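Below: the structure, in structure tokens.
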């Protein structure tokens with residue numbers, strides 16, 4: 001059969017990474033990325049891009065750990081290359097702090113990040129309201145540069161980028177053999193997934209170049225993540241809230257909470273407010289599906305629903321999605337050879 005034509009719907013970090021992994025696994029494929037929005041207007045552009053996993057209740061821990069490890073290893077390789085600056089990837093050290101000691105003093109990912117250890121008494125003196133903490137070094141993606149770096153690699157490999165609103169996956173069946181759904185929160189409408197819901201996140205991007213260490217409250221509600229050019233201050237976790245409009249009261253609340261952990265942020269300049277909708281469900285949807293109308297079939301791979309932890313596992317889930325696309329190609333080639341017989 002001719003080279004399989006694959007459409008990836010969605011141009012956030014999951015969509016672009018999935019397209020790249022498909023190319024790496026199946027170089028003979030013709031791949032196109034279709035999305036209504038590209039960077040800087042995606043949900044991924046709002047994300048802080050810190051590699052600190054969020055547990056997905058519906059996914060086995062060993063699977064989540066594997067996805068995280070594959071993502072960390074991949075980004076660590078870029079971080080140690082000449083492309084680190086262009087890709088916006090760097091190491092950052094800091095603390096995760098708790099008002100009460102958590103049940104698990106070492107999370108499942110503690111041996112993947114670098115130098116994980118309990119905080120010393122001296123370190124904890126910086127946070128008098130907190131009784132326990134963990135210190136470690138992890139990776140951070142500055143999201144817009146990373147998305148543009150992924151786009152550049154895809155374009156260099158001949159991938160077509162089309163600004164296009166896809167209202168129904170079936171509309172693609174005449175043009176493509178396989179469709180990969182990486183639509184994020186858009187999958188709620190695109191495939192009618194009632195299990196998918198938004199968790200609204202409002203963050204501030206500020207200029208505070210003296211802040212070098214990350215600080216994350218253990219419950220994930222307040223965090224300070226230094227990037228290459230700006231520091232991300234957060235945040236909010238508002239379930240089922242679809243509003244993309246910033247709330248001034250929330251902006252003040254986030255700033256006050258972050259200043260309580262790092263008082264020097266009072267001097268932060270050029271505060272920009274961003275809002276994104278995290279695509280959340282009990283577990284990431286990562287599976288194959290066959291859509292059919294009469295005798296006509298369309299092979300679909302779904303890879304969406306990463307919630308707040310998309311950056312931490314994006315490469316691992318993209319590789320799994322690419323493997324599923326490989327299975328679809330094998331099925332197409334099987335049916336093509338049977339048709340010839």
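Quick reminder: no glycine exception, Cβ is built from N, Cα and C everywhere.
Some features that TrEMBL has for this protein:
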type: SIGNAL; residues: 1-19; note: signal peptide
type: DOMAIN; residues: 5-324; note: domain 'FAD dependent oxidoreductase'
type: BINDING; residues: 43, 44, 166; note: FAD binding site
type: BINDING; residues: 223, 278; note: D-dopa binding site
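Positions of TrEMBL features highlighted on the structure.
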residue : record              : Cβ neighbours (10 Å)
43      : FAD binding site    : 24
44      : FAD binding site    : 29
166     : FAD binding site    : 20
223     : D-dopa binding site : 23
278     : D-dopa binding site : 24
Check your understanding: Same chain, outside the signal peptide (1-19) by at least 6, Cβ under 8 Å from its Cβ: which residues?
Key -> 26, 28-35, 37-39, 42-44, 47, 141, 143, 146-147, 150-151, 154, 159, 161, 166, 169, 172, 175-184, 186, 190, 303-304, 306, 310-311, 314-315, 317-318, 321-322, 325, 328-329, 332-333, 336
Point to revise | Confidence summary for the domain 'FAD dependent oxidoreductase' (5-324), mean pLDDT rounded | key: 96
Point to revise | residue 278 (D-dopa binding site) and residue 44 (FAD binding site), distance between Cα atoms, whole Å | key: 9
Review point. Taking just the CA atoms, what is the gap between residue 166 (FAD binding site) and residue 278 (D-dopa binding site) in Å?
Key: 20
Study note, to complete from the structure: Taking every pair from 43, 44, 166, which the record gives as binding FAD, the longest CA to CA distance in angstrom is 19
